[in-house]
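Some notes on the structure that comes next.
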Amino acid sequence: MILENIKKENDIKKVPLEDMEQLAQEIREFLLEHVSKTGGHLASNLGVVELTMALHYVFCLPEDKLIWDVGHQSYTHKILTGRKEGFDGLRTLGGMSGFPKRCESPCDAFDTGHSSTSISAGVGYVRARDLKQENYHVVSIIGDGALTGGMAYEALNNASVLKKNFIVVLNDNEMSISENVGGISSYLSNLRTAEGYQEFKTGVKNSLSKIPGIGPATIKRLHKTKDSIKRLVIPGMFFEDMGITYLGPVNGHDCSKLIQTFQEAKKISGPVLVHVKTEKGRGYEPAMRHPARFHGTAAFDLENGLPLSSGGKANYTDIFSTVMRKFGDRDERVVAVTAAMPDGTGLKRFRNMFPERFFDVGIAEEHAVTFAAGLALGGMIPVVAIYSSFLQRAVDQMIEDVCLQNLHVIFAVDRAGLVGSDGETHQGCFDLTYLSMIPNMTVMAPKNKWELSDMMKFAVNYDGPIAIRYPRGEAYDGLEEYRAPVLKGRSEMIYEGNSIALLPIGSMVKTACQVYEMLKAEGETPTLVNARFVKPLDEKMLDRLAKEHSLLVTMEENVQKGGFGSAVIDYMHRHHPQVRVLNIALPDRFIEHGNPEKLKEKAGIDAVSVYKKIKEAK
Ligand SMILES: Cc1ncc(C[n+]2csc(CCOP(=O)(O)OP(=O)(O)O)c2C)c(N)n1
Ligand SMILES: CC(=O)[C@@H](O)[C@H](O)COP(=O)(O)O
Ligand SMILES: [Mg+2]
């Protein structure tokens, strides 16, 4: 076992080149054995084993900086930097993160989770290095999917003026989570077929130098001339024209070739892009056949690739998916927009039924929102389905392009609240805050699966910007009999009592039902109101509750600041200062990875914690 001898960073440099293939095999077996038990981002990691090994072979860690875009493909990097043991507790509370974390290792140069940031961070490192006259290498590793994100181009534009070495590795597996989309993806596909042209590029130079009368100056001129033959025959012109040297494409599963190319890239002054071709899911048949399914997977049976636990109850995404198909069928103006998440948002089924009304814009949340504004002005009813944490990217577009013009755009905000094992970067903690602060925006959250459906109907028939936020995972199927019509800014009375009023929003209604039972068991007669709307607030209901209650308990899976509770406390303070308000919300800190139920306990928003806080407040 070669892997046994890899205990810390740079140990790989001692492995003879002829043993690299064997090491790659052992790493794949290690990944499969562990991720099949814990779950995690499997397919991308299987694809970058040799690429990561070659980078670790050529560069010196932690002095040199490897910056992983998104970071979901950093497992081999973790293995090679002394973190094999961490895989037993991968993505569990207190265990190792699934993404690079500077607090985990000095070899993690930049914390990531959201896409298309690696080149920007890399350029920053390079500028700092050069200003301080230091001497290390900076390598940003970005996938073809991440290269559909606008930030990557802003960074490349900026990188093109660098005078000293900066390496961008483009890990091209022709896949985002699903099939990659758009013009850059087609461009890369053409480049992929150009293997061997790198040698040809050098060959052209060498041949020209042999022609009598053509000296180095002429070759240099030809190399710089935009209309020269290189435009016709040399791949990577898009990058080269920006002043970025293009190397590749290189077979990403050939360690020797990769090592040779990175050694060459190290010597080049200025920015270099190394185009590496890899295969997502490499080495595991089910993942190669279904790379999207194994992009992020729960625990599965290694023998056949099938999930270990059966589907269980429908989740909110399933409900949204079904509702979208229904509304797509009913109204031809309904169109769907996703930023590279057709599977995760449940829009795949809409795409299959209405391909011409489905738009995957790539990992481009900002564009998705402004694009939706254009669709709305053109007479469509766009439904933009984006995860809560990814929609953070497009706050400006929601303000400037949608809400300022008061356009009918529906935001389906999935993964709102604690998502669990992805951790800090992916928790949906802020959407109630950033959505409700925007003028003209209406913000709703359903208590259960039927209410998501009713709210979608309300949103389609509404006119103006409107957001529905719902959590990851199983949809609550309690309180089926409570299905009062959804009316703008109106909450729903569930149980009417006195003294203590529970006022939960969305996913917290289920928790509030448990708290209600605990209080009732003690002889209390609390009130339970399903808030439904964060904006506009149901002020009439607050006025009504103020009459019979001395304590109002707001409950939300969002940070307190600027969220539902803060809106209620603000109103009550101004109009009913005699009523005490207890805000149950997520704390003002980033919430780590782990099982969502355990995270809720730790954050003090589970039923028992809420009950205790009420007892203290009474
Ligand atoms: C801003 C943002 N939007 C969406 C995502 C979800 N996401 C994670 S990985 C990924 C696909 C990345 O594709 P690529 O960079 O090619 O890497 P691969 O998975 O193919 O290795 C997407 C869409 C994200 N992490 N960040
Ligand atoms: C790395 C990344 O951003 C995605 O793969 C994310 O982990 C998907 O999350 P879900 O599993 O909730 O769809
Ligand atoms: Mg990819």
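Glycine residues also receive a Cβ, built from the backbone N, Cα and C atoms like all the rest.
Just so you know, TrEMBL annotations never went through curation; they're auto-generated.
As recorded in TrEMBL:
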type: BINDING; residues: His72, Gly113, His114, Ser115, Gly145, Ala146, Asn173, Tyr284, Glu365; note: thiamine diphosphate binding site
type: BINDING; residues: Asp144, Asn173; note: Mg(2+) binding site
type: DOMAIN; residues: 314-478; note: domain 'Transketolase-like pyrimidine-binding'
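Asn173 (thiamine diphosphate binding site) sits 7 Å from Asp144 (Mg(2+) binding site), taking the CA atoms of both as reference points. With a cut-off of 6 Å between Cβ and the nearest atom of ligand 3, the binding-site residues His114, Asp144, Gly145, Asn173, Glu365 reduce to Asp144, Gly145, Asn173.
When the binding-site residues His72, His114 are compared by the number of other C-beta atoms lying within 10 angstroms of their own C-beta, His114 comes out lowest. Taking a C-beta cut-off of under 8 angstroms and a sequence separation of 6 or more, Gly145 (thiamine diphosphate binding site) has the following same-chain neighbours: Ser115, Met175, Ser176, Ile177, Asn180, Ala340, Gly362, Ile363. Take the CB of Glu365 (thiamine diphosphate binding site) and look out to 10 A: across all protein chains shown you find 27 other CB atoms.
When secondary structure is read from DSSP and collapsed to three states, Gly145 (thiamine diphosphate binding site) falls in the coil class. Within 10 Å of the C-beta of Asp144 (Mg(2+) binding site) there are 22 other C-beta atoms, taking all protein chains into account. Packing around Asn173 (thiamine diphosphate binding site) is summarised by its Cβ count: 23 other Cβ atoms lie within 10 angstroms of its Cβ, all protein chains included.
Cα of Glu365 (thiamine diphosphate binding site) to Cα of Asp144 (Mg(2+) binding site): a span of 16 Å.
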